[in-house]
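Working notes, beginning with the structure itself.
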Amino acid sequence: MLATEDLTIRFGGHAAVDGVSCAFQPGTLTSIVGPNGAGKTTYFNLISGQLAATSGKVRLNGEDITGYAAPRRSRLGLGRAFQLTNLFPNLSALENVRLAVQVKSGKGLDLFSRTLGHRELIDRAMTHLAAVSLAERAQAIAATLPHGDQRKLEVAILLALEPDIFMFDEPTAGMSIDEVPTVLDIIAAIKARGDKTILLVEHKMDVVRSLSDRIVVLHQGKLVADGKPAEVINSDIVREAYLGGAAPRDAHG
Amino acid sequence: MVRAILSDDLPRSRWLAVALVLIVVGLAVAPFLFPGAKSLNVAAKICVFIVLAASFDLLLGYTGIVSFAHTMFFGIGAYGVAIALTRLGAEWTAVAVGIVAGLIVAVALAALIGLFSLRVRTIFFAMITLAVASAFAILASQLPALTGGEDGLNYRLPAALRASFSLADGTLFGVRLNGRLVDYYLVYAASLVLVLVLLRVVNSPFGSVLMAIRENPFRAEAIGYRTVVYRTIASCIAAAVAALAGSLLALWSSQTNPDTTLSFDIMVDILLMVVIGGMGTMYGAVLGAVLLVFAQNYLQDLLGIANQALAGVPLLAGLFHPDRWLLWLGVAFILCVYFFPTGIVGSLRNRRS
């Protein structure tokens with residue numbers, strides 16, 4: 001189980017995440033919503049270790065991981081896909097994914113065997129590429145892929161890490177409408193396995209509504225609402241947080 | 001078979017393959033094809049600098065580390081052998097002691113610099129290595145009792161490597177089979193093995209992580225690789241190979257001094273070799289080293305010929321004066337970087353696709 005306790009980070013006097021306590025259960029998909037600047041991505045960065053908390057704790061299965069650096073958290077099962085595409089630009093799509101598979105194999109410090117000799121890593125990477133329907137583009141250099149494919153590759157890297165906790169930061173941002181279902185199907189499939197914890201930051205309210213078991217609302221760094229999708233989306237506090245009373249932004253609206 | 005030796009890293013360009021075969025075969029038959037002390041010396045220098053440039057490519061081209069301390073490790077390896085041969089006499093045990101001592105010092109120093117400073121940004125790391133390398137060069141020249149100061153050390157090589165040693169009676173293709181020939185093939189074989197080892201390292205799972213770090217250190221960390229560990233190990237391997245290259249130079253030339261091993265000029269040379277040849281390709285370092293050592297040794301002669309041919313023409317004769325060879329090397333470098341931004345190897349490979 002992943003939990004944050006009174007998690008806070010300050011940049012100067014500004015608290016970007018302010019005393020957020022929240023626990024995330026395996027088998028549930030929790031959406032974290034809130035207006036731009038609410039601290040959603042910063043909250044993610046605190047959990048996956050890209051930023052160090054000013055105060056508060058992050059716990060994973062009871063273990064205090066607040067002091068751990070990002071690589072260690074990743075190896076402990078915290079997998080993160082990034083909002084801004086964050087690939088290895090001049091390596092092939094396959095190599096991007098293979099590198100993620102390699103982390104778990106522990107072969108990273110193997111200096112004298114041939115990379116291409118480890119067929120099992122390559123085969124597994126191909127499976128993950130196929131899962132995001134990128135198998136045909138395996139040899140393409142990541143930077144040359146269209147934006148939508150880069151987003152899918154980002155998801156494939158997360159799958160390849162085989163984490164216990166999946167953190168998706170706006171996985172469909174900038175994707176064309178017909179590409180969105182591929183990613184949503186993947187998230188639904190992970191959810192269907194029932195043992196994974198999924199955290200999703202997403203602006204498209206129809207996506208949030210259809211996938212979430214629970215919605216957490218951040219506003220100005222604070223946790224302001226937490227509950228079942230139907231309750232939270234229609235609550236006053238969410239209407240207020242979003243655009244000062246207007247309805248939440250919808251993908252179709 | 002070839003795939004295994006080259007660790008799956010094929011040239012991927014016909015012209016590159018031809019060039020590499022020419023270099024490997026050419027250096028193998030150089031003593032017989034181009035007899036004479038100077039050409040043998042150039043061939044040995046090419047071997048040593050191929051190793052040195054290739055080890056620098058591991059840092060610069062594969063890991064994205066900008067270090068100016070690479071000649072320091074080269075010097076440590078050279079001085080290790082030189083000091084051991086001076087102190088312990090011209091024996092093979094002295095050579096072994098010198099090589100091992102040089103390796104230990106080089107790797108320890110690289111690990112220390114790495115762990116303390118590889119966390120900082122590229123430019124600051126470059127500055128730190130520059131400072132350490134300068135301090136080391138000064139230290140070497142200020143300890144004349146140990147290093148011979150500015151003059152360096154002159155020492156005798158083990159008997160089997162001296163010109164007076166005769167391998168077999170008589171000659172082969174008109175070349176005397178003496179100790180210098182033994183020495184040359186020792187340098188050649190060691191260089192070949194070291195380059196192939198480096199090629200294996202960059203094509204290993206470890207090497208793939210180095211390239212990931214070069215491409216995006218932030219993401220490499222995020223998926224679970226501790227970049228500082230990988231960078232430090234890469235620095236240590238590069239330092240060890242550079243030290244071995246230095247040991248080979250010391251074993252070849254029977255003299256070691258700051259100018260030939262520690263100077264900043266050499267640092268600039270290997271930087272040029274890697275950039276001209278093509279960063280992050282290993283083969284680029286090989287081509288770059290061959291071209292640059294060749295140019296340094298024969299450009300002057302070439303200009304001498306041009307100068308004589310243009311003897312009557314007022315301005316041009318001066319322009320092609322042998323003393324202007326550095327100017328022409330500079331021009332060649334600028335043209336190279338301008339027209340082949342991905343280096344010779346990068347350009348050759350792109351032609352095909």
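One is the number of the first residue shown, and numbering goes on along the chain from there.
Cβ from N, Cα, C; glycine included.
All annotation found in TrEMBL is predicted automatically rather than curated by experts.
Residues annotated as transmembrane segment in TrEMBL: B:15-34 (among others).
Residues or ranges marked as transmembrane segment in TrEMBL: B:67-86 (among others). Remote same-chain residues near the transmembrane segment (B:67-86) are listed as 52, 55-56, 59-60, 94-95, 97-103, 105-106, 109-110, 113, 125-126, 129-130, 132-133, 136-137, 140, 146-147, 152-153, 155-157, 235, 238-240, 242-247, 249-251, 255-256, 258, 260-264, 266-267, 270 (criterion: CB distance under 8 Å, separation of at least six residues from the stretch ends).
For B:92-116 (among others), the entry in TrEMBL reads transmembrane segment. Sequence-distant neighbours of the transmembrane segment (B:92-116) (same chain, 6+ residues past either end, Cβ-Cβ under 8 Å): 69, 72-73, 76-85, 128-129, 132, 158, 228, 231-232, 235-236, 238-240, 242-244, 246-247, 250-251.
Annotation source TrEMBL lists transmembrane segment at B:123-143 (among others). Within the chain carrying the transmembrane segment (B:123-143), a Cβ under 8 angstroms from the stretch's Cβ atoms is held by residues 65-69, 71-72, 75, 79, 113, 117, 149-150, 258, 262-264, 267, all 6 or more beyond its ends.
Nonlocal intrachain contacts for the transmembrane segment (B:185-207), taken as residues 6+ away from its ends with a CB within less than 8 angstroms of a stretch CB, comprise 5-9, 24, 27-28, 43-44, 47-48, 50-51, 54-55, 57-58, 62, 161, 230, 233, 237, 241, 244-245, 248, 251-252, 282, 286. Feature annotation from TrEMBL assigns transmembrane segment to B:185-207 (among others).
Per TrEMBL, the feature transmembrane segment maps to B:228-250 (among others).
Taken from TrEMBL, the feature transmembrane segment applies to B:270-295 (among others).
Annotation comment: TrEMBL describes B:302-320 (among others) as transmembrane segment.
For B:326-348 (among others), the entry in TrEMBL reads transmembrane segment.
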Chain residues in Cβ proximity to the transmembrane segment (B:326-348) (below 8 Å; excluding those fewer than six residues from its ends, i.e. six or more beyond): 13, 15-16, 272, 275-279, 281, 283-284, 287-288, 295-296, 299, 303
